[in-house]
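Here the structure comes first, spelled out in structure tokens, and everything after it is commentary.
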Amino acid sequence: MLMPSPICVHLQCPFTSPLLGNPIRFKSNFRINHSKTQRASYAPNLPEKNDIVSNQKENNGLPIKENLDERTTKLGRRSLVDKIKALPSKEKTEIITSPELNGDLGTILEFNDMLWALLTAQEPDLALKLFDEMSSCGLVPDSWTFSIVIRCYCENKNLGEAERVLGYMLENGFRPNFSAVTVLLNSLSKKGKLQRAFGVLDIMDKIGLKPTVQTYNCLLKGLCYVGRVEEAFEMLVRMKKEAIVEPDIFSYTAVMDGYCKVGRSDEAVELLNEALEMGLAPDVFTFNTLFNGFCIEGRPLEGVKILKLMKEKDCKPDYISYSTLLHGLLKWRKTKTALRIYNEMLGIGLNVDKKMVNSLVRGLCTRSCKGRKEDLFEDAYLVFEKLKSDDDSVIDPSTYDLVIQALCMEKKTDEASVNLRKMIQMGFSPRMVTFNGVIQALCVEGKVIEALFVLASLNEGGRVPSRVCYSILIDELNRHGSTLGACYMYGAALKRGLIPSSKPQQ
């Protein structure tokens, strides 16, 4: 029977979801104008002209409108959304629920455009609030309306509600559009909800939506995310053998990333070689996956080989490529190679993370102090000086300590003294071994006065010199025949409760 006036119809539809296993219920209230729809209930066979998408990629699932006036109205609506977005939360809600706004949304096309504008403006909550107010507009949702709502729930990470909306649509004869279903499948995959994601894939098949390679890539990444790498690899093989879809480089990269994260980078390289044989062009993300994998496994030098291959394939390394590799080389103490990568980064104009530069300086100084054959100290000091000259430089105290110790070993006592004073001026507290090293280096060169100044700087800083400091100075004063000075040093040590290993000469 037709009703003469608008009424509210309460919808409550049970849906046994293959995704969730249990019956679910989707509730909504719509005001249906029966004089327009000539239906006494929420009918499943509403027109779906808004659900037609001519070019998914270029139009993001939006209906194509040929009329210039409609496009102008749409631009005005987006401008309105931008203004709403800038308002405080309370005022946003008031505008969305205002009769004035609802009065401007006289058709389902205009309503859907407003919903989509709110979603693309990253205001899914407002879009859902507007959807709740749909009955006040006297409008009935169509397939495109529900498809937008699914995407809103996905944006809010409320995947259970998104599935319920999808279930409601299927139960009532609506056809979700491809982009909404793909977004839901991708969201489930990212959360590791693979059983439910594969359920959505089954639904796509049943309603005639053909999955693309991007759809399968979402599942490949989801499988790898939860550690089911073998299943991901088997799916990749099936995609090729059964000609389901032709895998692209992103398909291979997804599985390679899964292998790298479980310590199987060699198998990831085999997949890379297979992709190259198929004529696919690896991108920077593909190679970065391998850099990360080899560095996690403690094999950063293998990553250097991949860097060479990357350049041969005309793929330009980015900041992440170099930083990942440099971090791995420093972590596994491949200092000399790390220096080469650092210089390469500077050569192409990339800024190196200051923490990694500090680590590089320390690594070079440590190798230098251990007496390695490589002459790395000059390189270490050059890197250190550049670090100091940078406006935003942050030098770690341990970096200063090691540089000063290396300077002492290289018999560059003047530079060591200058850096020690600089370190103290910056508010750092040098380690006692650093003070001892500078005092000893000065004494070896006969600069006992300068050594005494270093001891004085210790006292001024409120720190107690070690017995080693006093012993070094007593030996040097004895060597210079300054018995009185040696006695003074010995007495000062005793006053501090320290017993030097050296005594003044009699």
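Placement of Cβ uses the backbone N, Cα and C atoms for every residue, glycine included.
According to TrEMBL, the feature repeat 'PPR' maps to 107-141 (among others).
As annotated by TrEMBL, repeat 'PPR' applies to 142-176 (among others).
The repeat 'PPR' feature in TrEMBL is assigned to 177-211 (among others).
Residues annotated as repeat 'PPR' in TrEMBL: 212-246 (among others). If you look at the repeat 'PPR' (212-246), the same-chain residues 6 or more away from its ends with a CB under 8 A from one of its CBs are 182, 185-186, 188-190, 192-194, 197-198, 201, 204, 252, 254-255, 257-259, 261-262, 264.
Broken down with DSSP, the repeat 'PPR' (248-282) shows 26 helix, 0 strand, 9 coil. Taken from TrEMBL, the feature repeat 'PPR' covers 248-282 (among others).
If you look up TrEMBL, you'll see 283-317 (among others) marked as repeat 'PPR'. Long-range contacts of the repeat 'PPR' (283-317) within its own chain (CB-CB distance under 8 A, at least 6 residues past either end) are made by residues 249, 252-253, 256-257, 259-261, 263, 265, 268-269, 272, 275-276, 324-325, 327-329, 331-332, 334, 337, 341.
Sequence-distant contacts of the repeat 'PPR' (318-352) (same chain, at least 6 residues past either end, Cβ-Cβ under 8 Å): 284, 287-288, 291-292, 294-296, 298-301, 303-304, 307, 310, 359-360, 363-364, 366-367, 374, 376, 379, 383. Sequence annotations record features per position, and here TrEMBL assigns repeat 'PPR' to 318-352 (among others).
Residues or ranges marked as repeat 'PPR' by TrEMBL: 396-430 (among others). Residues in the repeat 'PPR' (396-430) partition by DSSP class (helix H, G, I; strand E, B; coil) as 26 helix, 0 strand, 9 coil.
The repeat 'PPR' feature in TrEMBL is assigned to 431-465 (among others). If you look at the repeat 'PPR' (431-465), the same-chain residues 6 or more away from its ends with a CB under 8 A from one of its CBs are 401, 404-405, 408-409, 411, 413, 416-417, 420-421, 424, 472-473, 475-477, 480, 496, 498.
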Chain residues in Cβ proximity to the repeat 'PPR' (396-430) (below 8 Å; excluding those fewer than six residues from its ends, i.e. six or more beyond): 355, 358, 361-362, 365-366, 368-369, 377, 380-381, 384, 387, 437-438, 440-442, 444-445, 447, 450, 454, 457, 461, 463
Arithmetic mean of per-residue pLDDT over the repeat 'PPR' (142-176): 96
